[in-house]
Each structure stands twice: as structure tokens, then as C-alpha cells.
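Asks: According to TrEMBL, the domain 'Ig-like' annotation covers 7-126, 129-238, 265-375, 394-527.
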Amino acid sequence: GTSSAQRQVTVQPGPMIRTEGSHITIWCNVTGYKEGVEQDFEWSMYLYTAPDREIRIVSTSQHNYAYALYAQRVNSKEIYIERLSGDSVLLHITKLQATDQGMYECYTPNTDSRYLGSYSARTNLTVIPDTLTVMAAAQTLSKVEGDTLQLSCEVSRQTSQHTHVSVGWYLRPADDPNSGPRDLVTLSRDFVLRPGGQYRQRLSSGDLRLDKTSATSYRLTIYKLQPTDQGEFYCEASEWIQDPDRSWYAMTRKESEKTSIKVQPTDRDFSIQVTTERRAYTAGEPLELRCTIDAQNVPERFFSVSWVFSSSPVAVIGPSAVPLLGPNYIEREATGLLTVRKESPSIHLLKLQRLLPEDSGKYICRVTEREKTLTGDFIDRSKRSRNVQITVTPLRSNITASLSSNTSEIMEGETIQLTCVVSNTVGPLSVTWQWTDKEGAGPAVNVATVDREGTVTPGPTFRERSSFGEVRMERVRPDTFTLFLYNAFPTDEGQYRCSATEWSQSGTAPDWIWQQIGDESASKTITVKSV
């Protein structure tokens, strides 16, 4: 048999709760009509205080449909109908008033040959006061690139209904004010932090934060400000309510006063310079080289410093200030003859104790800055200082030796006392005491020797007498050596010679090489009379 459709009008379910001054849309659809015919819609409302009195608002077919209460608002387009399709529309009220509260009816005139089904549907609208407040101090701040920025925003509401609040911070950039505000970070109505697209990396790295510090306070923190952060910052809050269809609706949205931020960019360039007291040294002296980094905001930047000697690495100091030594300098550092340290964020020291002739050559300081880009990648920029030519001259000895005695003539059994003074020394000394006959024609006999470390060794001929304590040699001062012969024999008569040798050190620990750089001697004749 035959069948026919039944007309049905549906409207957005209520009750809907909206705030004064907000923009509301209410949808209305119709189905079950003869196809091909565009449907008309008529909107009316009924006050809760007069539920039987219709107040016409707006129609798609009748220009003068509105009653006087709504006519002016309809004519000014404050209230209008948006057609979505032939059988679906939206009622717009762009600025709700408290008197707009009531029952709303959507009516569709019949377009078929007979009446069958429903031709209207109703929904409830409640209008409540807008109590949302958003406050932030209006101010102008000047910052330097790399500084930290903190701004606070107070958000409160007095709504009796169950609502949620979302809070976001926005930046209107100074360099492109026509591009619209940038979304920095938002705390959603579900308490989820959502960064803007350009700021996702900075939020994940901790350089961007949004903290709820109290029931009404929201604090924005940006670490390591960048020149692109310059502009007007403001806080925006929305109050949300859940409609009967379980969808969330932003009843009201407000912005705070704006804070103008100026970010002075730092000069990312840097220069380096190596300084030293002088360029010429003598072996054994200390050398100090300082590498100075001249740049803005050095403590907040990541520099590593490399010391290089004649193309060989000496040491590298990273941002952590822990030195990494080259293979040829590990032993010298372990024995305290090399120091590498960071004296301040911009000054690095290289110190060599007891220079060697092999330390002559070119010294340079190479500085590398590692910078993190907005995308999270790293770029390195390196510079090197000019060559610093250091000359180390081997030690030249100018020592002198003088020998004195308590007396030049003694009796058998008395004590021979000799004192040798060595002057103008620069390096370690060794001293050897020798004896020959009065004429000096016979072979020289070693009496005793003191080496560079101060160890005394008696000569073979005098070893037995030394064991009885009759021969004693002492170093009483760094430059003074004494020899005692107790119970002198007539055979002890002769020439006594003090021979001093000066040494220098080269090579590296533990394989030091000692080189003789000079020697000097002095002699004295002693007469011993028999009893």
C-alpha cells in the first residue's frame, strides 16, 4: 500500500544556561516534509511569568514578524536567523539580556497538502549574571634576552551553577601585530596544560610554565626570554557550562589588561684574547696564560675552552668546568706541574710550573659555544685566539764557590772543619768533597758527596772512618755545605776541593732527564802536624 512521512520539528534541548551579554545560538531542524520545498521558520518566546502569551521574535518569511519588544534588536541584526540548509537554522542572539530568559519555540509552517505530525518544538533558556572577572596589572617591562619573565592573573566567578574555567596566556607580537595573538599555554577546563604550536618545545623543556598558585591566581613563567617574545601579554579566561546534550559551552570569555614586554637582544657574537705577563722565560720558571671571553651574558651561555700547544691538545674545559687533559699532560697535572681551571665564567687559566725548553712554541685558546635552537637542535660556533709565541731558554749557570776552614794548620788529633758556600744558583745542586796531596800531583780521592736530593754518600777510602763518625758532611743551608774530619791524621794533610754542580730538569714525569748546566769548585790546603 501507500505510506506518507510525518513532519517532526526538533530544537536544541534545554534547559540552557547562559550569561548576560553573551552570544547564544539555538538550532532547529524539521524532517518528514515533501522534498524539494524549502522550509520557513518562526521563532517566538514565552516569559516564565506569562507562559501563555506568545512574543514573536523573528521569521525567515515575514519581515515585520517581530513584536515591538524585539523589533529594534532584529532590525539591528542583534537577533537574526542563520539558515544552515533548507530544513535547518540557527537562532542568533548576539547579546543576551536578562529579559531574554524564558521558553523558546521554533515553528515551521506546513508546506504539505495536509497536516500530519508536529510543527513546533520548545526549549528553555535561563540567563544569569556574568560574574567572571579577569585581572592582571597593566604595566610595561624591559627585559634582556635570557632573563626570566613572571606574570600573574587573577580569575574569579560567583556563579551558583556548576561551571568550569579555562585560563590561557596570549602574546600579541610586537614585530607582527597584524598576525593575531599567539597562544602561549592554556590550562583547559579539564585541568590539562595545552601549549601553543610554537611553544610546545619550550613547555616540554621547562622554559615555559603555567602554575595555579591559589584558588584564583594563575602565574605564567618564561625562562630564557628570546627577542621574539617581545610584545603585549594578556590573560584570557572562559567560563564553561555543560548543556543537557553533554556538550560544553563557553558562556563568557574575558581578557585582562595587557602587559607590554620589551626584550633587548644580546649580542650573540663573542671574542677571545689570550694574555700572559711576558713571552720569554727561562727553564724552571712558571708560565700563566689566561683566555678571556668577551661576550654578553656569559654565565647564561654554554662555552667550552680548549688549550692547544703547537697543534697538540693540552686540555679542554666544558661548561661543567671539569678539565679533560691531553695525553702528553696527564702526568704533569698529576704531579702538580700543570693547572687548568675556570677562574670566572669568562676567564680560563692554564698554568705550567717549572717550564722546560720543550715548552717553547705557539699556544692558542679555542672557544666553542653550544646554542640550543627553538626546534631543540644544537648549533656550535667556534673561534680561536691569535697565536701566543712562548720562548723558554735553557738554564745558564752563573754559580760561584768559595771554601773556608777553621784553620789552615792543626795538630794531629784535632778536627778539620771546611765550609763551602755556593752562590747564584737557579737549579738543584750536588757537591763533592775531594782530597789530594799538598802538591796536587796525586790522584784525587773522594771524601763525600751530597746529591740533588740531599743524600750524603762517603767515598770508598773514607767509608770506614765515616761509619765511626770521624767523617761528617752536612748541608746546613741551601747554599752552604760543611765537612768535618775528627781526629785528624798526618795523612789527612793536603788539598781539599769543594766541587759544586748545578742541574736542570727536562722531559716529563716519571722519566725526568737531568742535565748538568754548570759547575764550579774551590780548594783549600790544610796542614796537619804530628804530635
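Glycine is treated like the rest: Cβ placed from N, Cα and C.
Because TrEMBL annotations are produced automatically, they should be read as predictions rather than curated entries.
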Asks: Could you give me three numbers for the domain 'Ig-like' (7-126), the DSSP helix, strand and coil residue counts?
Replies: 11 helix, 54 strand, 55 coil
Asks: Looking only at the domain 'Ig-like' (394-527), how are its residues distributed among DSSP helix, strand and coil?
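Replies: Secondary-structure composition of the domain 'Ig-like' (394-527): 11 helix, 75 strand, 48 coil.
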Asks: DSSP says what for the domain 'Ig-like' (129-238): how many helix, strand, coil residues?
Replies: 14 helix, 54 strand, 42 coil
Asks: Mean pLDDT over the domain 'Ig-like' (129-238): what is the value?
Replies: 91
